[in-house]
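Everything below concerns the one structure shown next.
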Amino acid sequence: MKQPVRIAVTGAAGNISYSLLFKIAAGEMLGPDQPVILQLVEIPQAMDKLRGVAMELEDCAFPLVHGISLHDNPFDGFRGIHYAMLVGARPRSKGMERADLLEANAVIFAEQGKALNEVANRDVKALVVGNPANTNCLILSRNAPNLAPSQFCAMTRLDHNRALGILGNKLGVNPSDIDGVCVWGNHSPTMYPDLHHAQVLGDEAAIDMIDEKWYKDEYTPRIQKRGAEIIEWRGLSSAASAAQAALDHMHDWALGSDGRVVSMGIISDGSYGVAKGIYYSFPVLCEFGSYQIIQNLHINDYGQAMMKKTEQELLEEKAAVDHLLPKETAASREELGTSSRSGQTEFDAGIDTGESYYKADRIC
Ligand SMILES: NC(=O)c1ccc[n+]([C@@H]2O[C@H](COP(=O)([O-])OP(=O)(O)OC[C@H]3O[C@@H](n4cnc5c(N)ncnc54)[C@H](O)[C@@H]3O)[C@@H](O)[C@H]2O)c1
């Protein structure tokens, strides 16, 4: 029997978590042989609701769940964790300006970064789901100087899965018959769903099977604005699909993507000319608990313009929260190099080997 791993979930009483927690507990994220301890984190006002969710988890009698603890602050909730699913965030309230939203979330993620830095297991993997996910992830990482920037990701897997699902539907194939789809940039309506490298059933180029006008004028905006479309029809924002995407992201990061291309919001090392130091969605392959950016893809003029636009938005978001980014972590995040030979991204280690390191019997 493997040792249990500790997984923190923030926003644990919210909509996404109401799907996510039960999937994690059932073993869908880390496998049916991996016991888990769930450390659930909420704001103080939501602790009663969280207790109700925890009762339901208990009532499922999941054999893999070896413990559930409830916390109203990240310094307790992140103690010893191996995985952080950061779902909780401040939603946009009526009349709130975009800059105010960025700043309100910056405060939350700065504190959570400090908590991860101080109390999490040294090899923790942290996934930011709460929006604005990429910039929240930047703030998180910059506030955790003793952890490597590659230990943090922003979730763009929902956009990736949407891109696969909607394309599969159009072509009349199963989404699993398509590989090489990727989403570049920000998790926002500027993201660029790129089909130029996608293959169907292993040998046919997806881009040759669709009409260019459909791709640019219907498909792309549909992926970019899918969240709003769901709200329009369902009356609520995407929750189950976001939970599935978070699960897929962490599963592949920890256990490997099995040779399939996936999209992850990761620290830019300058690949494809993207500004270093921002969290930008790239196509990656995952293996042995880490990811590699796929290098040397040919990007046409249309793609370059799309990639620049979403990069520009991320740089603007970064500028808006710049005063909250600790200066001492700028260099370690912005001076990453790309390896010319393997295409593998190199990161500074950033891990202090002197600190406690609880290595459970698990793959990553
Ligand atoms: N990256 C993506 O693809 C993606 C997709 C869908 C939703 N989202 C985002 O995920 C987030 C959660 O969505 P939801 O539908 O579950 O929202 P929700 O409002 O139902 O739940 C959010 C929960 O987070 C909690 N919370 C707020 N601040 C917190 C903090 N500082 N610490 C701990 N918990 C905190 C709230 O109390 C609430 O229970 C939102 O920001 C949403 O925009 C991202």
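Here, residue 1 is simply the first one shown, and the rest follow in order.
Just so you know, glycine gets a Cβ as well, placed from its N, Cα and C.
The active site, proton acceptor annotation in TrEMBL covers HIS187. For the recorded site, HIS187 (active site, proton acceptor), the DSSP three-state label reads coil.
For GLY130 (NAD(+) binding site), the Cβ neighbour count at a 10 Å cut-off comes to 24, with all displayed protein chains included. In the three-state DSSP reading, GLY130 (NAD(+) binding site) counts as coil. The feature NAD(+) binding site is assigned by TrEMBL to GLY11, ALA12, ALA13, GLY14, ASN15, ILE16, SER17, ASN105, GLN112, VAL129, GLY130, ASN131.
Within 10 Å of the C-beta of ARG92 (substrate binding site) there are 15 other C-beta atoms, taking all protein chains into account. The feature substrate binding site is assigned by TrEMBL to ARG92, ARG98, ASN131, ARG162.
Taking DSSP states H, G and I as helix and E and B as strand, the domain 'Lactate/malate dehydrogenase N-terminal' (5-146) has 63 helix, 27 strand, 52 coil. Per TrEMBL, the feature domain 'Lactate/malate dehydrogenase N-terminal' maps to 5-146.
The domain 'Lactate/malate dehydrogenase C-terminal' annotation in TrEMBL covers 156-321.
DSSP gives ARG162 (substrate binding site) a helix state. Contact annotation for binding-site residues (ALA13, ARG98, GLN112, ASN131) versus ligand 1: ALA13, ASN131, each with CB under 6 Å from a ligand atom. Nearest in space to GLY11 (NAD(+) binding site), taking C-alpha to C-alpha distance over the recorded positions ARG92, ARG98, ASN131, ARG162, HIS187, is ASN131. For the binding-site residues SER17, GLN112, ASN131, the largest tally of other C-beta atoms within 10 A is found at GLN112. A Cα-Cα distance of 11 Å separates GLY130 (NAD(+) binding site) from HIS187 (active site, proton acceptor).
Here the C-alpha separation of ASN15 (NAD(+) binding site) and ARG162 (substrate binding site) works out to 19 Å.
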